[in-house]
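A quick write-up on the structure given underneath.
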Amino acid sequence: MLRSIILAAARSARMEKLVATAPISRNIVSRYVAGTATEDALRVSRELVDNGLKVSLDYLGEDTFNTRQAEATRDEYLRLLSSLQADGLTPATEVSVKLSALGQRFDEEMSFRLVDEICSAAEAAGTAVTVDMEDHSVTDITLDAIHQLREKYPSTGAVLQSYLRRTEADCRELSGKGSRVRLCKGAYAEPESVAYQNRLDIDRSYVRCVNALMRGDGYPMLATHDPRLIEIGIDRATWFDRGPHSFEFQMLYGIRPEEQLRLAQDGYQVRVYVPYGDEWYGYLMRRLAERPANVAFFARSLRGKK
Ligand SMILES: Cc1cc2nc3c(=O)[nH]c(=O)nc-3n(C[C@H](O)[C@H](O)[C@H](O)COP(=O)(O)OP(=O)(O)OC[C@H]3O[C@@H](n4cnc5c(N)ncnc54)[C@H](O)[C@@H]3O)c2cc1C
């Protein structure tokens, strides 16, 4: 219930204005977001890579409404990729891209052209792109775009969400040789017709999806902070005779940072998803929806208190 309210607030312009203009504690935003500038993204990537972690950088922006905004997002990714290469941060750092930020909702063809340019720049910089997955209304067109991108850039990563009833079948389909697939639970409010609603069903689906991906020949990227699912991932890798370099764990910047380091020190590959940019509002609200315990802290900070 609280989760749905927060996710609705994530799409409210009035709420966004209130939050963005409130004397919000810098701490709550900077806990989850690297900063607003390219330099912030580079600085945080350097710190993480020096600590033995890998990185996926996300330039925050969704609900792009015009071509100019979409092209500006493309330009930022191109700038970022050339800086990452110049700073020796590739291949340890890749980028994550949302097709909505490239205009998918109003000009699908343009969004494909722009993501193709980003993939080409990533390849030239010695790294790859993972295409984030958004709500279920765009699952098919996003997967179609990834299939096409992989013809030119085979390392393009896909994202599948275990809360969707269709995802176990998608995992089997996307588990072929070299296929990079990020498996997460899913972060949007989805109807019962397409998505499991309770945590147990979502977790059970996650386990079935881990099995499908680990059994295959692809490269599973297990994106979760859930301690039980991480243990199951390790167990399944052993069961399917996979070495620690044939899959990776992924977590969000600011969430369970000690666990990120512990897994890396134990010899697993761990990638941290690091968002940056001005458009942090929707991202922050989805993080709050995942952990309503953070809401009281957030509300106090909106009133100017710590
Ligand atoms: C690298 C990465 C990329 C992602 N990409 C996408 C995507 O493309 N599309 C999409 O729909 N979703 C994406 N997500 C979000 C994902 O779908 C979940 O919403 C999110 O990861 C929370 O699920 P969980 O598996 O961590 O499990 P949960 O059951 O939500 O959390 C498990 C435990 O993790 C800790 N935790 C989780 N969230 C928080 C938090 N916000 N603050 C503090 N502690 C927390 C708590 O200890 C909690 O008990 C991504 C997640 C990751 C890690």
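Cβ atoms are placed via backbone N, Cα and C, with glycine included.
Those TrEMBL annotations? Automatic predictions, nothing curated.
Positions annotated as substrate binding site by TrEMBL: LYS98, ARG286, ARG287. Neighbour count (other Cβ atoms within 10 Å of the Cβ, all protein chains): 18 for ARG286 (substrate binding site).
The feature FAD binding site is assigned by TrEMBL to MET133, GLN161, LYS185, GLY186, ALA187, THR224, HIS225. The secondary structure of HIS225 (FAD binding site), as reduced to three states from DSSP, is coil rather than helix or strand.
Summarising the annotation, TrEMBL assigns domain 'Proline dehydrogenase' to 43-299. For the domain 'Proline dehydrogenase' (43-299), the mean pLDDT of the prediction comes to 95.
Candidate binding-site residues: LYS98, LYS185, GLY186, ARG286. Those with a Cβ under 6 Å from ligand 1, in sequence order, are LYS185, GLY186. Counting every protein chain shown, the Cβ of LYS98 (substrate binding site) has 23 other Cβ atoms within 10 Å. Here the Cα atom of ALA187 (FAD binding site) is found 14 Å from that of LYS98 (substrate binding site).
Neighbours of LYS98 (substrate binding site) among the binding-site residues GLY186, THR224, HIS225, defined as a Cα within 10 Å of its Cα, are absent: none qualifies. Across the annotated binding residues for FAD (MET133, GLN161, LYS185, GLY186, ALA187, THR224, HIS225), the two most widely spaced Cα atoms sit 18 Å apart. Minimal Cβ crowding within 10 Å, among the binding-site residues GLN161, THR224, is found at THR224. Most Cβ neighbours within 10 Å among the binding-site residues MET133, ALA187: this distinction goes to MET133.
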